[in-house]
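Asker: So TrEMBL has the following annotated:
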- A:9-19: compositional bias 'Pro residues' (COMPBIAS)
- A:1-23: region 'Disordered' (REGION)
- A:35-54: transmembrane segment (TRANSMEM)
- A:60-80: transmembrane segment (TRANSMEM)
- A:92-111: transmembrane segment (TRANSMEM)
- A:123-142: transmembrane segment (TRANSMEM)
- A:151-169: transmembrane segment (TRANSMEM)
- A:189-206: transmembrane segment (TRANSMEM)
- A:227-245: transmembrane segment (TRANSMEM)
- A:251-267: transmembrane segment (TRANSMEM)
- A:272-290: transmembrane segment (TRANSMEM)
- A:359-379: transmembrane segment (TRANSMEM)
- A:391-416: transmembrane segment (TRANSMEM)
- A:422-444: transmembrane segment (TRANSMEM)
Amino acid sequence: MTKAGPTAAAPPPSAPHPSAPTATVRLPRRRGVELSLIVLAVLLSVYGYCAVGLAKHGTVPPGAAGYGAGLGVLALLAHTAVRLRAPYADPLLLPIGVLLNGLGLVLIYRLDLETPGEEAAPAQLVWSTLGVALFTLVVLVLRDYRWLQRYSYVSVVAALALLTLPILFPPLNGARIWIRVGGFSIQPGEFAKVLLAVFFAAYLAANRGALTYTGGRRWWPRLPPGRVLGPVVAIWLLSVGVLVLERDLGTSLLFFGLFVVMLYVATGRTGWIAVGLMLAAAGAVAVGWLEPHVHSRVAEWLHPFASIEAGQGPGQVAQSLFSFAAGGVLGRGLGLGHSILVGFAAKSDFILATAGEELGLAGLSAVFLLYALLVERGYRAGLALRDPFGRLLAVGLASIVALQVFVIAGGVTGLIPLTGMAMPFLAQGGSSVVTNWMIVALLIRVSHVARRQYDGKVAP
Amino acid sequence: MTRYIQHAAAFCVLLLVALLVNTAWLQVLQAPSYGVNPANRRPTIARYEQPRGDILVGGRAVTGSRDTGEQLRYERIYTDGPLYAPVTGFASQRYGTAFLEHSEDELLSGTDPMLAGFPLWNGFTRVQSPGGDVVTTLNPAAQRAAFDGLGTRKGAVVAIEPTTGRILALVSTPSYDPAELSGNGPAVAAAWARLNDDPEKPMLNRAVRQTYPPGSTFKVITAAAALDAGVVRDLDARTDSPDPYRLPGSTARLVNEGEGCRDASLRFAFEWSCNTVFAKLGVDVGAAGMEAAARSFGFDDPTLRIPFSVVPSTFDAPEDRAQRALSSIGQYNTRATPLQMAMVAAAVANGGQVRSPYLVERTTRSGGSTVSAAGSRPARQVMRPTTAVRLRELMTDVVEEGTGRNAAIPDATVGGKTGTAQHGIGNQGTPYAWFISWAQGDDDMDPRVAVAVVVEDASARRGDISGGGTAAPIAKAVMEAVLHSPRAG
């Protein structure tokens, strides 16, 4: 895109740049496109908010204007920051973030109406505000993403600290992934994802050569020397540790998947994938054997209606499947579904069931495509960049989104065993929404560099 | 590295395709079977998501819906639950539906495709039609008179309009409040258990779901059969019947309550309810003739729907003449619902024609437009018109000077027949008091109402129970209520 874009957008002959020779091209910054898309995203969210109110009470909810204004101000704040400090950034990243976050707020507000006294949308709006504030801060302050490379070991230490912190706190709903400070629950594992992506990118960029040229035969790679293998095994142990100590299958899967993808991109050795898959399989079998928690998840995936046949009523996965089925192709319409039957975690892990029931296959596909577009933009930035750290960072951040969407969406639709995880931007969960804004902020920075490097250069 | 990024991107595309294919499979192909999974609460929720249509009596809704704000949102309420319970039945979130609530459920709940203006379009938009209303044929004053007349006694009343078959009153006591069963909480379960365990059986619809030995009221049919068959040609001729009557082929003797039945005329025998005369008539008419007569009045018809089903009344005319003699006076195996006996009175009043009884005048959409109307029911000639004229005369005599004087109404022609039916082993049970009648105001072109009343009262002394004493005043009150109401339609 970055190569095709500037050549395609040749300057109009009537208004040549005063200082540019005719052989160079000005790269369009596309900030106007971004602004239009943001306006569209805000309007769509407000429309959804009004649709919920109209369906449930027959009136436009009183907070509609405030909600629209709030979301609009946040989006404009972020947009201004991008305009000031990352003018070449990819124009799709921010609008997608705004739209997904806005839609998430609509869905949570919609579910709040079914659970009076347990409103989650106001808190989610606060967290979204914090997320956008941090996004703005990152875009403004982090002038050059390469600066992160110097702090890779700080990152990994911080990530490990964040991951081990919840072990000190009592478990909540069977998983030790929360820490509670005051009235707030924080999931530090969410932040650790970004830090780990930074560390992986830095580590792999530095050790790419060693990892690529060790090993041997084509089909069955000889094991690399311990010096290189050590960190890989360490990451594997970390994933299993997270799983066993915190009972968090999803995060464990995500870390390991992220590492394998980045390792492959850095080295191009399919052997690494083989080793990774074998380790993952061994870990999964061992843990599935030992952990009743994981074992039951797999059983529920294989036989989602077993509890119905046993006369105990539908389980969560069954309820989730019923929700998606009730949506059909066009959905029941916002506010008109019964996804609240999913019960516990309807607003967080199972938020997609509400989207599926009320927006249907059509709406759900649109949501999936928004995520796909976000990932694709990350990968494109990675392709356009020249430094290995930037490329790996962009691919890593985009892969976090891709893997996370797949793991949770696949889980609630019965494609793979369910693992507790937040749907990026949509699901209730402060730590998650803040983390996702951080990911978008970093992608904005990376894509800014990726596109700027072609600006003013001689057209090929 | 570019190539590897592209490979990783391809992997992401693979994940996306897997998600999309799986979701499409789930939401399109699996959707129908998941939608009807019994564990899926959505159909139940949808059923109670909107107010149920109403059942109307005399232009006024006797039902309603209460917004509970719960998951199963609307709950049925009833303005006069016990009064109309045998007609409305109940609509319970836990125990299903009964009677009109059951037979008209699709219309009331809004799932009847006839309710949608554009069925295909509504199928696409999945907009649920609001529930339709059911307009009944009931006359509220007659219903009230019957209910109050029975009071705390056990029994049933059915009133129908002879010329059309419209059911004007349908009462069964003791009754119950169907609103107690509407919801789904523990109180509903308790009420359900209590009502089912009650020895008085308040949920039994005695008007259409219980048969009684009709006793002497059956003599109307025996008389009709005898007249039609030519066994009796003159109402005032002697019938050549002994008193007491020795049942043919047995040593049992049949006696009468009153005097003067020996060799009595049909008029006298009908007026004073002579068992001996009618038992002999039944024997003389023959098994086939008696059975044909009873069948034509509607006995042994399991297909009758009003629109809910009515248990068939039974008449069994055995070749054994002794048993046939007893059958012909409404004993032995003869059993009838109150509705059936009201049809018998209506046939006499209506020139020998029976019209199939019905409860639903029409059904409407919530806006008021008609979905379906009852229209005119086919008539069935059950006896010769001349026979009907003579039976009218006989029944009028009963009220004017016989056992049914308690039913006489000024400014109206009233015909009736009393009955006091023995039952139980050795006839030791408290007898059932019957009265069937019809009335035509002096200004009316047609008979306005035909009534059947049955009272089973365990608390009364055996001697006090009689058709004329117990049941006739109730029938009178119901007939008066109809005669004093403005003519419908």
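Every residue gets a Cβ built from N, Cα and C, even glycine.
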Asker: Between the stretches A:92-111, A:151-169, A:251-267, A:422-444, which one has more Cβ pairs under 8 Å with the transmembrane segment (A:391-416) than any other?
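Answerer: Per the Cβ under 8 Å count, A:251-267.
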Asker: Of the stretches A:35-54, A:60-80, A:123-142, A:189-206, A:422-444, which racks up the most C-beta pairs under 8 Å with the transmembrane segment (A:359-379)?
Answerer: A:422-444
Asker: Can you tell me which parts of the same chain pack against the transmembrane segment (A:60-80), counting only residues 6+ beyond its ends and a CB-CB cutoff under 8 A?
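Answerer: Residues 31, 34-35, 38-39, 41-43, 45-46, 49-50, 52-54, 94, 97-98, 101-102, 105, 125, 128-129, 132-133, 135-136, 139.
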Asker: Can you name the far-off residues of the same chain, 6+ from the ends of the transmembrane segment (A:189-206), with a Cβ under 8 Å from a Cβ of it?
Answerer: 148-149, 151-153, 155-156, 158-160, 162-163, 166, 177, 231, 242, 246, 248, 251, 254-255, 258-259, 262-263, 266-267, 387-389, 392-393, 396-397, 400, 422, 429, 431-432, 434-435, 438-439, 442
Asker: Six or more residues beyond either end and a Cβ under 8 Å away: which residues meet both conditions relative to the transmembrane segment (A:151-169)?
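Answerer: Non-local partners: 176-180, 187-189, 191-192, 195-196, 198-199, 201-203, 238, 242, 245-246.
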Asker: Please identify the stretch among A:92-111, A:251-267, A:422-444 with the greatest number of Cβ pairs below 8 Å relative to the transmembrane segment (A:123-142).
Answerer: A:422-444
Asker: Excluding the flanking five residues on each side, which residues at least 6 beyond the ends of the transmembrane segment (A:92-111) place their CB within less than 8 Å of a CB in that stretch?
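Answerer: Sequence-distant neighbours of the transmembrane segment (A:92-111): 34, 37-38, 40-42, 44-46, 48-49, 52, 56, 67, 71, 74-75, 78-79, 82, 120-121, 124-125, 128, 131, 135, 334-335, 339-340, 346-347, 351, 354-355, 358, 367, 370-371, 373-374, 377, 423-428, 433, 436-437, 440, 443-444, 447.
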